[in-house]
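J.: Here it is: the structure, laid out below.
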Amino acid sequence: MGSGYQLLQLPRERFRKTSFLVWVIILFQRAISMPLGIVTNSTLKATEIDQLVCRDKLSSTSQLKSVGLNLEGNGIATDVPSATKRWGFRSGVPPKVVSYEAGEWAENCYNLEIKKSDGSECLPLPPDGVRGFPRCRYVHKVQGTGPCPGDLAFHKNGAFFLYDRLASTVIYRGTTFAEGVVAFLILSEPKKHFWKATPAHEPVNTTDDSTSYYMTLTLSYEMSNFGGNESNTLFKVDNHTYVQLDRPHTPQFLVQLNETLRRNNRLSNSTGRLTWTLDPKIEPDVGEWAFWETKKTFPNNFMEKTCISKFYQPTPTTPQIRARRELSKEKLATTHPPTTPSWFQRIPLQWFQCSLQDGQRKCRPKV
């Protein structure tokens, strides 16, 4: 045992030399910020990428591209009963609308027409220029009633409702939307030698019908007590045949359910309403919840901070900032151009004028 122990034990002098070498490597790494391990040309740390993009490459806000990102990528439940629980009514909060340049193709979109018990509408009509989200695989069209305890329907998690290149904080009546957020991509300025070859331009067939390139399937629902704690959702197969939805499900499951009822002659054969209930043994999660389910584990949704904060400096937060909501119409007219609708909020980004001086690029804000 003793000799075996001596074999495993590092001699005192060698231990001192080894520990000294380790400390030298650690201090050396911290001093010059070189990652431990084999350093090659492909070794690039996240902080270096951040500095490369943010410090050296952003010379003009023309390099910023605003994009709409769907919440489906975070793995949220997309069935109607689950989705409607993320929306709620509030009063006294003005709606905000911002534009974005590009977006994703959505797997699930929604279209709501909800009335109060007295027959009045719960949701406002969309402002001029607001059109439905153009790329949806499934459109969940919901009609029904609810208490609607408030003037406008907002997202409880602070997300946007994405329409056609416009994102709003509220839901508009009869207008297809996807849930999402608006983010900025920073595009590096292209070098001149990138454009030596003539770029290939593919012919684009422009059309006013933005949904003509993509197969969209509309699924209809009927909902009662929309916006309440206990809402009831029915999947509409035809005008007289419905299915009670009592647990989360995928749109692919509803498509199969619709085909099964029709193929087996399970539709209502009278003018009365026939409502089916799901067998508890049936698995309603056929297909996919969303096309990027692996992002479910991402924490802190809507709280991501990027280097864009270095360039976009909002107005300092003061107690008077709330008073901006009560500004008179005359003051608002000086804030926005006359051609800008009152519901459209421009994103206040600073433009830069850049020039080369002594071989260095120098930028200053445009006046």
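Using the three backbone atoms N, Cα and C, a Cβ is placed for every residue, glycine included.
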J.: So, in Swiss-Prot, which cysteine from C54, C109, C307 is disulfide-paired with C136?
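T.: Here Swiss-Prot pairs C136 with C109 via a disulfide bond.
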J.: Identify, in sequence order, the residues in the chain of C109 (disulfide bond) that are 6 or more apart from it along the sequence and have a CB within less than 8 Å of its CB; answer 'none' if there are none.
T.: G132, F133, C136, Y138, V139, H140, T176, F177, A178
J.: Please identify which of N229, N239, N258, N269 has the densest Cβ environment, defined as other Cβ atoms within 10 Å, among these glycosylation sites.
T.: N258
J.: Out of these disulfide-bonded residues, C122, C136, C148, which one has the fewest other C-beta atoms within 10 Å of its own C-beta?
T.: C148
J.: C-alpha of N258 (N-linked glycosylation site) to C-alpha of N269 (N-linked glycosylation site): distance in Å?
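T.: N258 (N-linked glycosylation site) to N269 (N-linked glycosylation site), Cα-Cα distance: 16 Å.
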J.: Rounded to the nearest Å, what's the C-alpha distance separating C122 (disulfide bond) and N229 (N-linked glycosylation site)? Just drop the number here, would you?
T.: 17
J.: If you compare CA-to-CA distances from N229 (N-linked glycosylation site) to each of the recorded positions C148, N239, N269, which comes out shortest?
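T.: Checking each of C148, N239, N269 against N229 (N-linked glycosylation site), the shortest Cα distance is to C148.
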